[in-house]
């Protein structure tokens, strides 16, 4: 791999970093960011105008949180997002993600809706007996997981309300668990329950989740963020529910419990991508260990070339404040340095007072973090862990990234049908943009999951005769260059590496071309395919 200014180590590269020379996003550079931004859409920004604002600030994927809201509300998010996309002059795609509620465990309803204080040392009963489901107090607390008594044991812990209350199990008698409070707190209605170091046997989808997935299929969502995944079989069950009509929807698994971390390898084999969901994960395992789990999962995703998202509390203070804490900015930057493909905003955009500012801050931080990466040793590391021999498409992707470095090319341009070639090029983390052109509109949206990819949907019909093939290829290249120029991703006269197939369809990528971006706009006009 050709060195960056003669530097071939990350530590040496770090010595050259200069805050005075750090790039600041402007109208001409804001699209240079490689890391995608996911924003959760709440009522505050669920209008075409406000969605346009956050998109212009840097959002690539919108997230619908199905733990809240009705189908009618989420339909409005989909409709407003699609209208916003239509209004964009460059037609740049924005993906839509459905985040499932998942198989949560919760306490019951308190008696008369009251809150009940408890003190450290208090002892009471946690029960799965449904007759207590709506009369909970500080003597008997119902939990809606029927198998609780059979999967846990004395000496284990139960966490209530995001870990605010810790309960130690003293003994078990049928459906009743005798527990002791380890700290002061307040018992309220319908609070979340976590069971650390316990193998929970809940199904991956509730009936509500299945209904939500059917809603997503009808509306053509691009990806599912599947909550509380614990084992590889969970992913297979979700695929069965999606069925043929939802086969093209990407399944991004959320790892947010100890089981998911322990079974990560088998889950990764089944999933299309991973979200490091640090909220619940930081309850189930010690908070001090979350960063280790994050680094492990990101590394394993990078090695196999599957997208990975880092989420939860990234700029949490910007929900209410116009500026983030320094620690939050470092958290976003370190997620990028770790190798994440996407970073996510939750309450910051869903209910926050500063949604646009939150996106702008995340976009600027990602852009700066990307400049702190020394790409040659990163490429070498990724090559070193890749088993040989490689498949043809991956061999071409490796060669394209290496050729771009040797040529000092300013972009790679990938023609892709399914997005697989773009994924493979992204896997080797080139320092330059990956302009991706595809005829599949959903593929164009899904490609945002992969770092460095700038997707464009090519709407023109395919040339079906052999003599039309090269003209069709050249037209798609011109289309990609024209759109990339419009967004200042590349400049006229720049050298680029084009990656294409030798014929149409899937699985035929085997060709590299070294091209120069035309300086005359007329050279980017699409050519007629001729008579069929």
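Cβ atoms here come from the backbone N, Cα and C positions, even for glycine.
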Annotated companion of 65, 66, 67, 68, 106 at the ATP site, Swiss-Prot, chosen from 139, 156, 191
191
For residue 66 (ATP binding site), which of the listed recorded positions (99, 100, 254, 279, 280, 312) have their CA atom within 10 A of its CA?
99, 100
Going by C-alpha distance, which of the binding-site residues 100, 256, 279, 280 is nearest to residue 68 (ATP binding site)?
100
Largest pairwise Cα distance, Å, within the listed substrate binders 63, 279, 280, 312?
18
Based on Cα coordinates, which of the following recorded positions are within 10 Å of residue 67 (K(+) binding site): 191, 254, 279, 280?
none
Please report the three-state DSSP label of residue 279 (substrate binding site).
helix
Nearest-integer angstrom distance between the alpha carbons (Cα) of residue 191 (ATP binding site) and residue 63 (substrate binding site):
23
